[in-house]
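According to TrEMBL:
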type: TRANSMEM; residues: 12-35; note: transmembrane segment
type: TRANSMEM; residues: 105-127; note: transmembrane segment
type: TRANSMEM; residues: 133-152; note: transmembrane segment
type: TRANSMEM; residues: 164-184; note: transmembrane segment
type: TRANSMEM; residues: 190-215; note: transmembrane segment
type: TRANSMEM; residues: 236-255; note: transmembrane segment
type: TRANSMEM; residues: 261-280; note: transmembrane segment
type: TRANSMEM; residues: 292-314; note: transmembrane segment
Amino acid sequence: MRKFASSPLSQLVRAANLPALLAGMLFFALGAGIVNFRNQPFAWVDYWLGQACITLMQMSSAFLKTFYDRIDQDQSPISRQSREAKDSLNNHEEDAPKQIVLPRLVFLQAGMSTLSVGAIVTVLLLARGAMSASALFLLGVAFGVAFFYSVPPLRLAYSGYGELCMAFFLANLTPAFAFVLLSHDLDAHLLGLLTFPLTLLYLAMMLALSLEHYYHDLKQGRTTMMVRLGWQRGMLLHNFLVPLAYLLLGVTALMGLSWSVLWPAMLTLPIGAFQVWQMWQIGNGAPTRWPLLRLTAYATVGLTVYLLTFSLWVG
């Protein structure tokens with residue numbers, strides 16, 4: 001039976017990293033939700049233009065990362081031997097599909113194109129007078145993190161701190177940019193109370209997801225945070241971050257935030273506990289169910305951010 005190779009479009013969609021794009025939308029909505037919670041009016045045009053800036057920035061970063069990853073793969077002797085073995089195997093199989101692999105230059109073009117469109121959207125925000133100096137500064141920092149996450153010479157993705165940089169970009173800079181853009185206010189007390197625990201949760205998710213590719217990254221010389229720490233210390237850090245994040249969310253109620261906003265997010269605590277239990281089981285040598293771990297990690301962060309955002313918008 002003939003199998004179908006992935007299409008060029010599906011390769012672009014996969015490279016764009018849809019879960020991260022959805023996370024960017026949720027975190028931006030969280031920042032806007034704080035503005036709504038404070039009963040401050042804002043223009044929806046500015047909301048959608050600001051969201052477009054973040055999404056295009058993420059897409060550009062993802063495409064550029066894929067471009068440089070492909071360069072590394074082409075130069076890697078391990079990857080070259082693997083491709084030769086696969087080609088030899090496919091030549092002996094009648095029903096083997098012809099894999100259509102996009103040239104790496106396509107990802108460079110896609111990255112530069114989305115970056116250019118993002119620059120145009122930024123100009124539109126400036127022309128509308130919506131971009132204050134603070135918002136422009138936050139957007140500039142976000143651009144620097146997203147760009148150098150993927151591009152040499154820094155290439156933060158494989159510096160050992162890439163997960164931390166991405167957690168900072170999504171869970172801190174994105175809602176902060178949304179808040180300042182729409183409110184023109186620098187009072188970030190409530191913003192900080194909410195985003196710091198979410199940063200810890202997002203970092204824990206990144207550690208859980210990177211564990212699956214630990215040995216592959218090790219062989220390829222990719223220094224992720226899990227590789228830098230070692231799998232044992234990385235798992236211990238993960239198991240520390242998740243309960244700490246929920247503890248800090250609970251402490252937020254003692255620091256002035258209404259419990260009616262927080263309690264829906266605390267409903268995800270059992271999911272977070274299950275995520276920690278899975279990592280603990282893996283550390284003890286139990287069989288690993290990677291799809292379940294991925295689903296749990298995504299659900300812990302996604303549902304927590306969604307429920308917090310929902311509470312801010314309707315509360």
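Counting begins at 1 with the first residue displayed.
Here the Cβ of each residue, glycine as well, is placed from N, Cα and C on the backbone.
No curator has checked TrEMBL annotations; they are predicted automatically.
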Proximity of the transmembrane segment (12-35) to the transmembrane segment (190-215), 3+ C-beta pairs under 8 angstroms: yes
Distant-in-sequence neighbours of the transmembrane segment (164-184), which means Cβ under 8 A and at least six residues beyond its ends: 20, 23-24, 27-32, 34-35, 38, 40, 42-43, 46-47, 50-51, 53-54, 125, 130-132, 134-135, 138-139, 141-142, 145-146, 149, 156, 191, 194-196, 198-199, 201-203, 206, 225
Same-chain residues at least 6 beyond the ends of the transmembrane segment (261-280) whose Cβ lies under 8 Å from its Cβ atoms: 37, 201, 204, 208, 211, 235, 238-239, 242-243, 245-246, 249-250, 252-253, 289, 292-293, 296-297, 299-300, 303-304, 307-308, 310-312, 315
Chain residues outside the transmembrane segment (236-255) and at least six past its termini with a C-beta under 8 angstroms from it: 193-194, 196-198, 200-201, 203-204, 207-208, 229, 262, 265-266, 269, 272-273, 275-276, 279-280, 300
